[in-house]
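**Q** Pasting in a structure now, in structure tokens, and then I'll have a few things to ask.
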Amino acid sequence: MTSLASNRSAAGPADAPFVRIEGVTKRFGDFVAVNNISLDIHRSELFCLLGGSGSGKSTLLRMLAGFEHPTEGRILIDGQDMTGVPPYERPVNMMFQSYALFPHMTVADNVGYGLRRAGVARREVKRRVAEMLNLVKMGDFAHRKPDQLSGGQRQRVALARSLVRQPKLLLLDEPLGALDKKLREETQFELMKIQTQLGTTFIVVTHDQDEAMTLASRMGVMNEGQLVQVGEPRNLYEFPSSRFVAQFIGAVNMFEGVLVDDEPDHVRIRSEEAGCTFFVNHGISSAPGQTVHVAVRPEKIRLSREIPPGADNVVKGVVDEIAYLGNLSVFQVRLGTGKLIRVTLPNLDRHEGTTFEPSDTVHCSWGPSSGVVLAS
Amino acid sequence: MTANAHLEQPARAAPGTPRNGSPQQFGRQAVTAVPMLWLLVFFALPFVFVMKISLAEADIAVPPYTALLTWVDNKILSIHIDLSKYLFLFEDSLYLAAYLGSLKIAAVSTIFCLFIAFPIALFIARQKPETRIFWLALVMLPFWTSMLLRVYAWIGILQSNGIINSVLLELGLIHEPLALLQTDFAVYLGIIYSYLPFMVLPLYATLEKLDETLIEASADLGARPTTSFLTVTLPLALPGVVAGCVMVFVPAVGEFVIPALMGGPDTLMIGRVLWDEFFSNRDWPMASAVAIVMLIVLVVPVMLLRSRGRHSLGHG
């Protein structure tokens, strides 16, 4: 918690927000792409907008860049109202999903394009282009054409081109989408390094939750044009506010139940689906009798042959299937009620076979602070 | 897999077997033979005939020129080559004036076509795919009527008792009909009108493939719409510009119908000179020499344009 707190003060909630999105709605005909979103983003933040396709995240990004105009609401960048300001006059640059490198120009000309438009002197353009290409480790490729580069190299050039004007705000549309898995992981860390080095505010749009979790200092989850939840990655993962967020970010076991006891410091939930009563040590201030959901992450569940003494939440089941992933194993456990749950255990020791075998009877247990009660 | 098999086939052929004896080789040759034959019959052979006639002398006979090859006493083959027609082309300033006139009219018309066609092509390319067809149909619709009919329609519009003059007279803006027809203006109008689709279509073809996000990227990097057009759209449309210019310029140089019907007596174009040599003077060798030189005048700049077009394409 201390590290989180220091992070938060670095982001500076006391400052005026750097980007302020005020009640922005975008309609295309009858279709509402972005539905009444308000969001503040602080200086030097790396903010991720996470959502599935058609969630409106790209439309929101395009409105920040100035390619689309809000039907309602307004956007302020660094205190300046962006309504009616064309893309070429905004203190914003964008890295396109397709990279959108100019095919008829060399790498150096691509990167220098924005500087030449700003009327920077020829020698200065050359110097800053070289500097930027070195930053993204593309200095040796300055005279190549984009079609002579690999996907990863193009991505670097696109990044250099969007950063060279030293924008106050950099928008990245699925920046790593076109890269293969290994390259993507490498590039994620490089992107973060560059962001810290330059102190530019980044807004990244992605559909990849791992990417968002790795990159973001703060992230927002979007669904059907609405911003469902905003917070630090850890917050969103551990304290999702809705079933959608819990299921969208990471794997989760979801149990439906009825609230039987609601105290300020704990709740009890009777779940027919699980065949037991759950104990969760946080209150949700709802009336007893209400239908709620309990979300438990697979890695927070322990497996044992005997009922563990003093456990608050225990369900009995039979191991259905085991997937060995190297660093961890995923168990599918079928409960007496027929419901399948997912449990992941780290493979701490090296040994032949597993501790549990298919069709073993096991007890799944978790602590009172492991589950989250979700009313919506 | 099939590509691999295809590539390995010739290598695997036993030594001594002629490589072009394989069925694939034969198939490939058979396919290319059709256009080759077409070019031979309809381009190379006629070219040789015209060349041959241009080197002969005019004669009052059928056909109206002397033979190049004659047998003297059935033993000796004698060849008569007469280059006087080519020399005459340079002696009489009429020919030079006609060539230059044609090149000027074609060049000016091509530039006008380019400036008119570019916005049209850009407009069509930016439409939704469903509505593009409608606009393209409008561009191509005139092709459904004969070109001659369309030229006559223009005559009807431009002549002294035509639509334009009648309306202007009726409105009292002019007191006597304007001389619109039989002028260079009418020739330009006719050529630009007739060849505009040949410029629109290749331009449309390249602009339609242009990635819209490149325009957005340039705007994002601070380019105003005009700069964006000059630095991104235009360079990327260059292959279409070259193709369109060739398709308008080349036929416009040799155009006969439009200057003959719409041009004045002082509209000097090589197509008319050619016609006069053939049909008025019945000097086939002279007409052939005019045609051969015109071909050379056209082929050289087109080859230059093409090589430049390929150059710019090859380097993106």
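Sequential numbering from 1, following the chain as shown.
The backbone N, Cα and C atoms fix where each Cβ goes, and this holds for glycine too.
Below are the features listed in TrEMBL for this protein:
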DOMAIN    B:99-305  domain 'ABC transmembrane type-1'
REGION    B:1-24  region 'Disordered'
TRANSMEM  B:36-55  transmembrane segment
TRANSMEM  B:96-121  transmembrane segment
TRANSMEM  B:133-155  transmembrane segment
TRANSMEM  B:185-207  transmembrane segment
TRANSMEM  B:228-253  transmembrane segment
TRANSMEM  B:284-305  transmembrane segment
**Q** Sequence-remote contacts (6 or more beyond its ends) of the transmembrane segment (B:133-155), Cβ cut-off under 8 Å?
**A** 120, 123-124, 127, 162, 181, 186, 189-190, 193-194, 196-197, 200-201, 204, 257-258, 261-262
**Q** With Cβ-Cβ distances below 8 Å as the criterion, list the same-chain residues six or more beyond the ends of the transmembrane segment (B:96-121) that contact it, or say none.
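**A** Contacts with the transmembrane segment (B:96-121): 89-90, 139, 184, 187-188, 191-192, 195-196, 198-200, 203-204, 207, 237, 240-241, 244-245, 248-249, 252-255, 259, 267-273, 293-294, 297.
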**Q** Six or more residues beyond either end and a Cβ under 8 Å away: which residues meet both conditions relative to the transmembrane segment (B:284-305)?
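**A** Residues 47, 50-51, 53-58, 63-65, 82, 85-86, 88-89, 95, 99, 102-103, 242, 245-246, 249-250, 253-254, 270, 273-274, 277-278.
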**Q** Same chain only, please: residues at least 6 beyond the ends of the transmembrane segment (B:36-55) with a C-beta under 8 Å from a C-beta of the stretch. Say none if there are none.
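**A** Long-range Cβ neighbours of the transmembrane segment (B:36-55): 65, 68, 81-83, 85-86, 284-285, 288-289, 291-292, 295.
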